[in-house]
Amino acid sequence: MKIQLIFFILLFWVTVLPAKKKYPEYGSLDLRRECREGNGRCKNQCHENEIRIAYCIRPGTHCCLQQ
């Protein structure tokens, strides 16, 4: 069991940590801010006169734009 734990930590250290250093822009996108900059609002449901274009922070909230 200890060998598996050491192997997992080593695998994480070799793969994930260098990727985070090499590509810091991935995984750090604030979709809520991107929605506001695009003149949208994060809501649970969009009205009939709004267009849903993406998810905000969690999958239950949508970025709604006025038509």
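Cβ from N, Cα, C; glycine included.
Per TrEMBL, the feature domain 'Beta-defensin' maps to 34-64. Taken residue by residue, the domain 'Beta-defensin' (34-64) breaks down under DSSP into 4 helix, 13 strand, 14 coil.
TrEMBL lists 1-19 with the feature signal peptide.
Across the residues of the domain 'Beta-defensin' (34-64), the predicted structure has a mean pLDDT of 83.
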